[in-house]
């Protein structure tokens, strides 16, 4: 009997032991799984929840920014349109100067376009304005001794014969500009005439030529401005007035948008840059004489 009890006890212990280990293992595994899952799920929930909130905020902000941008763009466009309208009204309505019927001269019938001739003439006009009075001293004119600075050999330095050499500080200038240099560029008469006629035709085509004779009793800038205001030309940027009257020349000296010149000294650059050319019938006759 005793032996049987012992065997039963051992059996029961052997049977109970594995059951406890399995349960504990399952429980521990479940606990570890839960522990491992819980923080990850929390982090994932946070990570999933935060971008959603951020996306809503960013979308709302983006919508606000887009609305503000569209409003700004609309405002800017309206301002630009208004500026354009103002500029068109200020540009003195070039269509008002369309006196093509009065411009029956051969000068304004020169339909050929000589861009290269105009370019060459402008270059020659600009070059002729250069005085060429620049001057620098060469090695013969600069002050200094003519003594050899150090002996030819034995010093380890490069050989030198004079301290007035252009390589030294205080030496003369090598190949510097000389006195009274002539910068003029010669242009053929036919080329200049073609450029003149082409520029006049371009002004007539754009309705920028006005036939009118200006005359003032005395030099007065105020009176000249009034005369220009009568023809709606006071707001133009560049007005080229061809006249021999000294009073008009003195009256226009203080006006930055008006240039007075004689017919004999018309420049191609002034004609190309002019918004309005004011001529008299006498000036047209002189220009017609150049064509013959």
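Any Cβ shown, glycine's included, is placed from N, Cα and C.
For the ranges 132-158, 159-185, 186-212, the feature annotated in Swiss-Prot as region 'Disordered' maps to 132-158. Here the region 'Disordered' (132-158) has Cβ contacts under 8 Å with residues 164-166, 170-174, 176-183 of the same chain, all six or more residues outside its ends.
Each residue of the region 'Disordered' (132-158) gets a DSSP state, and the totals for helix, strand and coil are 0 helix, 0 strand, 27 coil.
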